[in-house]
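Engineer: Below: one structure in structure tokens.
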């Protein structure tokens, strides 16, 4: 860890009231008159200066008798003052004494004894920095790595719980705690903490809470970066995992740097023609497609295909070729895409999911050429294959129905589009890990119902979508803003301008944060809010 800037620390001020000695604002501003033990030979050498700043000892003002008082008097003025203290004052003094005892401790045994006394007097949320200090001391001595890990985990849990209200003050100790976790895991020759974070990612994903899940996956990567050798293959895979997780929530901008990092590591470790590099390039193609950089996407896809073909990965190669056709469609190369798909369809089994994907993409190309009859025929073939797989592969079928519904929508076949989306919704509702998809499909159904004049039917779908998407992606996600925009339009259509104004205001706030106030959708939300106020006579 880089050493903390003393200039930065000097700007932090002491609190007006006396708090626990490990309060950041107090510790960071103080200087040490008794240095800590000598630097450790572990990975935390560079933390020694920061550590001394963070946990420096304070000089406390003592209660003193007036100089004019006779020291030989029978009544001790300090004892008399203590006796006259209220219970609140006695508790404050007790806490202060415990703080100073902990700060004065030199050996680890003294620190642990003082900490044990503090546990009975302080709330758990006040002990985060004390746990970190003990963990650092244990790590310096390098004898009990299990205990080091235990205190590091406890410190991280407390500091993270307090992070929302003290985000700017706790960033440094949280970083120190993560480094301590990495050091202790490394010394124990295990990576259990990163595995715990990965499991939390899986659990939160299964609950449909994608944003929280991503935070755990990022932490797992951070721990691996501190425990694994720089540039290791495992780090390459971990970076790709994070990129894939961002792609799953359509956050392509955040996914890009992690995918590029994975590609860089795998090229160095395994060479340009390795399977891992091919997988990285295929994912990179998907990301560039999401960013609408279709030429870059196609370049990466073609590089990936070349390697997959050399390694005989026929299944992966087939999917990559379908991806390439979709990229060609995005670039307006419809005939080229159709020729690609004609070659791919010969490699698929008659009743396979891959064959259904080929015909769905073929329909997209034909639809863009206004060849609607041919496009509908392709979609009918795809649906005929998929209907037989609803029980065995519900997620695959639901996602395919969502794609096919968009093709029917493009051809103004709204009833068929809504019917397919409702079938997809029924399948997705049975999959707990797909609650974010349930929200997206509900939003789409609500929008199509609104578009076709079925306003009252649209409202429950839009209301449900807003709640599910907030739960999955957070209240400021742009998708929630779009749903609120449509919901406001529905309320306005039913002469409910006050309800419309409320949700339009939500939409505007979300759009301003997620897209920026000058984005065309943010401006539209502002215009819609104006219409609602006008309808209210305001």
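Backbone N, Cα and C define each Cβ position, glycine as well.
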Engineer: Given 214-241, 242-269, 270-297, 298-325, which one carries TrEMBL's coiled coil label?
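Structural biologist: Of 214-241, 242-269, 270-297, 298-325, TrEMBL gives coiled coil for 214-241.
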Engineer: Six or more residues beyond either end and a Cβ under 8 Å away: which residues meet both conditions relative to the coiled coil (214-241)?
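Structural biologist: Same-chain contacts beyond the flanks: 43, 178-179, 181-183, 185-186, 191, 193-195, 197-198, 200-201, 204, 249, 258-259, 261-262, 265-266, 268-270, 276, 279-280, 283.
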Engineer: Should anything in the same chain at least six residues away from the repeat 'TPR' (398-431) have a Cβ under 8 Å from its Cβ atoms, list it; otherwise answer none.
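Structural biologist: Cβ under 8 Å, 6 or more out: 353, 356-357, 360, 363-364, 367, 372, 375-376, 379, 382-383, 386, 390, 437-438, 441-442, 444-445, 448-449, 451-452.
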Engineer: Can you tell me how the residues of the repeat 'TPR' (398-431) break down into helix, strand and coil by DSSP?
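Structural biologist: Once the DSSP states are binned, the repeat 'TPR' (398-431) shows 28 helix, 0 strand, 6 coil.
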